[in-house]
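Input: a single structure, listed below in structure tokens.
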Amino acid sequence: MAEEGAILKVTKDLRAAVSAILQGYGDGQGPVTDTSAELHRLCGCLELLLQFDQKEQKSFLGPRKDYWDFLCTALRRQRGNMEPIHFVRSQDKLKTPLGKGRAFIRFCLARGQLAEALQLCLLNSELTREWYGPRSPLLCPERQEDILDSLYALNGVAFELDLQQPDLDGAWPMFSESRCSSSTQTQGRRPRKNKDAPKKIPAAYGGPENVQIEDSHTSQAICLQDAPSGQQLAGLPRSQQQRHLPFFLEKKGESSRKHRYPQSMWEPEGKELQLDQEERAPWIEIFLGNSTPSTQGQGKGAMGTQKEVIGMEAEVTGVLLVAEGQRTTEGTHKKEAEWSHVQRLLMPSPRGAVEGAVSGSRQGSGGSSILGEPWVLQGHATKEDSTVENPQVQTEVTLVARREEQAEVSLQDEIKSLRLGLRKAEEQAQRQEQLLREQEGELQALREQLSRCQEERAELQAQLEQKQQEAERRDAMYQEELGGQRDLVQAMKRRVLELIQEKDRLWQRLQHLSSMAPECCVACSKIFGRFSRRYPCRLCGGLLCHACSMDYKKRDRCCPPCAQGREAQVT
């Protein structure tokens, strides 16, 4: 169990390191450099994988061999790309196999060849078994496939590394920064802030440059991070709402890009907000009118980005409605107080009381408008011939008009900042759409390659079937020839037996002749002298004298027994 846990930990750590690289630097977010903490973690996991359960092999009078020697041997046998090997060997400052292996890993990462090189090295399973023990993940087909899939995912990430590192024999290059933070490390943790240090807000967020806010403002800004999206600005004063609104929208846009919410959480696009009166918040209608066609014009491939833009618009609308309601309530209270003061000033004049009643009725109908005409000016426009005798009333009217103009200017600034945020969201949507089109092109190319591979497979399958049929025909023909050869062998065996039997008969006859006395004639038993002629019989080989060979029925050189036997056969 412990060994299995160690193997799983090696592969799990490698997948986690690859996931961290993809999360921090994938999708064109920037290249991986030597200062990246994720690179240090990935290189360590790769080295641990290549050294896990490696068999000890030593060269003659040399140092212990490491995974660098395994990579060199495997690539040389597979006749793969030897460019990384030549590059590492050209580095004279690297003396140990460990440093050369690290340089090989960094070069393959920078060139996008790590997964391909490792796959070539693992094709020869016998060589892999010679270098690694049975517990190595490189010998398990399932884990090997998982590792290669993870490494192939790194081909889409750019690595800008310094390949001329002379100190790889000692350790990997150190790092100093990280782009992705673990959720377990940052969950429930907030950055510490000095109570005496004021917070600075740049001019791009709707306020003047380097404006210092007091501690109460800082605490309110911190509380906004934990408040719901529709109530984040409700607890701030009006001036701080105007400052923090663009900054809040930008933060919400970033959070919406980081977290993919389902479509059911957003309000449907295309619905216009119907207010109670026509002149209430007209700038919201302009904002929605400008944003709706831009988001609807995106292609089908950017549907996810459109949902983000739609959700951000809905959140902006909710925040603006809350802010608008607060401004309307505050404006209504202020105007009621001012109007009561004006009425007290105009109490001696009955004409002023009538004008106050008329203007008060108009105030009730148009008090909810933010960008409408000032209610005091509307009251005085009904009667051109009416004049205000008290100069203090004119001063109050002028102050109210100036306040309305200032509110209108601040709202226009907010509209500009909102349009800027919407423009950024549209640019992001366009970039996402372009990236999606590129991915669709790559997918189409891969599909075409797959179709070609399938056609080649069909052709090879047909050729294989044809070869199998030819092999079957040849097998049948060879069986027939083998049967004929077997018959021939049987015939040859029978002939050999016949020849052996004939040889035995001849040998027995020869033995019979040798047993006879060679000093007398076979026919007349005449003893041969030193000068007697001897004639062998042509049938049995016996010796005959001259008289027997010439006189016996004129048969030359044939003994009487053989001559009688021949006559018997003829008759």
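Every residue gets a Cβ built from N, Cα and C, even glycine.
Marked as Zn(2+) 1 binding site by Swiss-Prot on the basis of sequence analysis: CYS521, CYS524, CYS545, CYS548. Residues or ranges marked as Zn(2+) 2 binding site in Swiss-Prot (evidence: sequence analysis): CYS537, CYS540, CYS559, CYS562. The annotation coiled coil is assigned in Swiss-Prot to 408-481 on the grounds of sequence analysis. The compositional bias 'Polar residues' annotation in Swiss-Prot covers 178-188. What Swiss-Prot lists as domain 'RUN' is 33-166. The region 'Disordered' annotation in Swiss-Prot covers 174-207. For 474-567, the entry in Swiss-Prot reads zinc finger, with the evidence type sequence analysis.
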Fewest other Cβ atoms within 10 Å: which of the binding-site residues CYS524, CYS548 wins that one? Let me know. CYS524
Site of maximum Cβ density within 10 Å, from binding-site residues CYS537, CYS540: CYS537
Which are the residues of the chain, CYS537, CYS540, CYS559, CYS562 excluded, whose CB is within 8 A of where the CB atoms of the Zn(2+) 2 site average out, their centroid? VAL522, ARG538, LEU539, GLY541, GLY542, LEU544, CYS558, PRO560, PRO561, ALA563
Show which residues of the chain containing CYS562 (Zn(2+) 2 binding site), separated from it by at least 6 in sequence, have their CB under 8 Å from its CB. CYS537, ARG538, LEU539, CYS540
Identify all same-chain residues not among CYS521, CYS524, CYS545, CYS548 whose C-beta atom falls within 8 angstroms of the centroid of the Zn(2+) 1 site's C-beta atoms; report them in sequence order. VAL522, ALA523, SER525, LYS526, LEU544, HIS546, ALA547, SER549
Counting Cβ atoms within 10 Å of each Cβ, the densest environment among the binding-site residues CYS521, CYS545, CYS559 belongs to CYS559
Determine, to the nearest whole angstrom, how far the Cα atom of CYS524 (Zn(2+) 1 binding site) is from the Cα atom of CYS559 (Zn(2+) 2 binding site). 10
Reported as an integer number of Å, what is the Cα distance between CYS545 (Zn(2+) 1 binding site) and CYS559 (Zn(2+) 2 binding site)? 10
